[in-house]
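Taken straight from Swiss-Prot:
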type	residues	note
TOPO_DOM	1-50	topological domain 'Cytoplasmic'
TRANSMEM	51-71	transmembrane segment
TOPO_DOM	72-551	topological domain 'Extracellular'
DISULFID	CYS98-CYS289	disulfide bond
DISULFID	CYS212-CYS220	disulfide bond
DISULFID	CYS266-CYS273	disulfide bond
DISULFID	CYS378-CYS465	disulfide bond
DISULFID	CYS403-CYS461	disulfide bond
DISULFID	CYS407-CYS457	disulfide bond
DISULFID	CYS416-CYS443	disulfide bond
DISULFID	CYS418-CYS432	disulfide bond
TRANSMEM	552-572	transmembrane segment
TOPO_DOM	573-607	topological domain 'Cytoplasmic'
Amino acid sequence: MNLKKYFIRVLHRLQKGPGYTYKELLVWYCDNTNTHGPKRIIREGPKKKFIWFFLTLLFASLVFWQWGILITTYLSYSVSSSLSIGFKTMKFPAVTVCNASPFKYSKVRHLLRELDELTEAALERILQSKNRDATSALPLNSSETPSQTLNLRLWNQIPLVLIDESDPERPVIIDLFETDESGSGAQPNNSSPALVNVTSEAKKQKVAMKLCSRKALPNCIYRNFTSAAQAVTEWYILQSTSIFAKIPRNETVEMGYQPEDMILACLYGAEPCSYRNFTPIYHPDHGNCYIFNWGKDEEALFSSNPGAEFGLKLILDISQQDYIPYLTSTAGARLMLHEQRSFPFLKDLGIYAMSGTETSIGVLVDELERMGFPYSDCTMNGSDVPVKNLYNEYNTTYSIQACLRSCFQAQMFETCGCGHYLFPLPEGVSYCNSEDDPDWAYCYSSLRSSIGHRQFCIDSCKETCNDIQYKMTISMADWPSEASEEFQYMQHPLTYERDQSRNATLDRNGIIKLNIYFQEYNYRTISESAATTIVWLLSSLGGQFGFWMGGSVLCLIEFGEIIIDFLWITVIKISNWGKGLKQKRARAQYPDAPPTVSELVEAHINL
């Protein structure tokens, strides 16, 4: 019963409202608030009232302005970085070593015979063009041509041309091996894209690759280079890529350098190791590669001391006498330090170790710790990235390099209908080659130079929130020395596991020694933390309010209370106005007063 009476009183109180007018409520607030300023507005004389009203309004505006800046700063989610340096026991990095040449020439010579003959003849033609006018280049059937039996099947797919720019407005294009009249001295079609990579106006002739689309609307682009050697090398790589794309993976592995031939000696700390401690992986750019301490099938190794005596020591034999002449112009080993279970992208992140040297690499580990959403758009494991990671077939962790290449391969398949040889394949896709996909080189070159496709991949891929980078300090010395080279052990295989039946000798042009170790300070941690937190925001808001108006949280509650009272009064006034309007409409519908009881009785009797 008491509870019912209480709710009835509450209902009546709500219907009645605060019991003040707007003016009375405002005067009551100014007289009772703990905020400085409003009290003086109602207690001082007319002049001071105006002054205090102006000051209160000014400082209140300053408070709201400062609050806006603080809230905007907080919502920007800025970060601050901290740096720490020291030495601690850490995982030794995974070390990937490859030969600069992806294959042994002795094992792929039969595949490249036609291409090598074309390359040799093309170089001869280019050399001839240096000594005569470009338009007088000899045709294929000339008696002066030394290569009359060339098979031009590969050449017709992707030819090399000379571009004579004696007249810049009308450049003349000459095929090195002209097979019909349509190509001799032809000028580029107006619909063809402009010649790319023209960097030197002084040179009258340039060597370029002619890449054509053979679809319904034929179109050609010309990729020209600053040097003939560079043009021939890029052309050779493109042609050989098409050839090797048709070879099964198990056969290409057999064509490369085997671990027992390449890794002669291994020592980690004081423990001996061998090629059996390396995990093989096939890399399209460098053939067979071998990873030490990858941590994929075994526990990662740790290092607790700085210096070369506690690191990894390797002796490698690159056998550069078996390099592919036109494919590999660099002799040495390609190596990369990377995190465990991450894929080594040697073409972009690897370094070369020169043959005939002892290369010492001091390692400093950079640990990057980024804040996640909403402070940055990084990803923890790539699960929130819209690009399918094609490198998952290696059971490796996510990286932005893997994402960018997977994105490019997906666009390559979508645009060209096949996949590029340098990247893993999506399911159900085959590698591009000139026989099955005659337009692939044109399509690949167009896609590679497309800014829109490139930007799409950049926008789709995310950086990892936690990343490890290895900074290297590299020093080199000749190895072996002239005196040591005379030692007997330098004239025979350095490992007992090597085939002793072969009369194999080693020379400084094919042998490399590597020392990889942690420096005195082996780690540097760069970590991000939130520059603004909710605690910072509340304290800053309170500080500004207290400084300008002497207020506190209770003052804000008081202000909130009067706002509620204002709204309450407004609702009641609107409600009363609605009731009055309804009554007026009712009176307008029935203008006469209702009859009394006696009038109703009299009317009934008269009936």
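In case you wondered, yes, glycine gets a Cβ from its N, Cα and C as well.
Since we're looking at a predicted model, the values are computed, not measured.
Known features from Swiss-Prot, placed on the structure.
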{"residue": "CYS273", "record": "disulfide bond", "DSSP (3 states)": "strand"}
{"residue": "CYS289", "record": "disulfide bond", "DSSP (3 states)": "strand"}
{"residue": "CYS403", "record": "disulfide bond", "DSSP (3 states)": "helix"}
{"residue": "CYS416", "record": "disulfide bond", "DSSP (3 states)": "helix"}
{"residue": "CYS443", "record": "disulfide bond", "DSSP (3 states)": "helix"}
{"residue": "CYS457", "record": "disulfide bond", "DSSP (3 states)": "helix"}
{"residue": "CYS465", "record": "disulfide bond", "DSSP (3 states)": "coil"}
CYS443 (disulfide bond) versus CYS457 (disulfide bond) - Cα distance in angstrom: 17
CYS212 (disulfide bond) - helix vs strand vs coil (DSSP): strand
Intrachain neighbours beyond the transmembrane segment (51-71), with Cβ under 8 angstroms and 6 or more residues off its ends: 37-38, 40-41, 44, 537, 540-541, 544-545, 548-549
For CYS289 (disulfide bond), the one of CYS378, CYS432, CYS465 that lies nearest, given that the disulfide-bonded residues are compared by Cα: CYS432
Local confidence of the topological domain 'Cytoplasmic' (1-50) - pLDDT mean: 69
Distance from CYS465 (disulfide bond) back to CYS98 (disulfide bond), taken between C-alpha atoms, in Å: 29
CYS378 (disulfide bond) versus CYS403 (disulfide bond) - Cα distance in angstrom: 13
Of CYS98, CYS212, CYS418, CYS461 (the disulfide-bonded residues), the residue whose Cβ has the fewest other Cβ atoms within 10 Å: CYS212
Listed disulfide-bonded residues among CYS220, CYS266, CYS443 whose Cα sits within 10 Å of CYS461 (disulfide bond): none
Spatial separation of CYS418 (disulfide bond) from CYS378 (disulfide bond) - C-alpha basis, Å: 31
Spatial separation of CYS273 (disulfide bond) from CYS416 (disulfide bond) - C-alpha basis, Å: 46
Spatial neighbour of CYS266 (disulfide bond) that is closest, considering only the disulfide-bonded residues CYS212, CYS407, CYS432, CYS443, CYS465 and their CA atoms: CYS465
In the chain carrying CYS465 (disulfide bond), residues 6 or more apart in sequence that have Cβ under 8 angstroms from it: GLU369, ARG370, MET371, GLY372, SER376, CYS378, THR379, MET380
Cα separation, CYS212 (disulfide bond) to CYS273 (disulfide bond) (Å, whole number): 52
Neighbouring C-beta atoms (10 Å sphere around the C-beta of CYS378 (disulfide bond)): 19
Residue among disulfide-bonded residues CYS407, CYS418, CYS432, CYS443 with Cα closest to the Cα of CYS220 (disulfide bond): CYS443
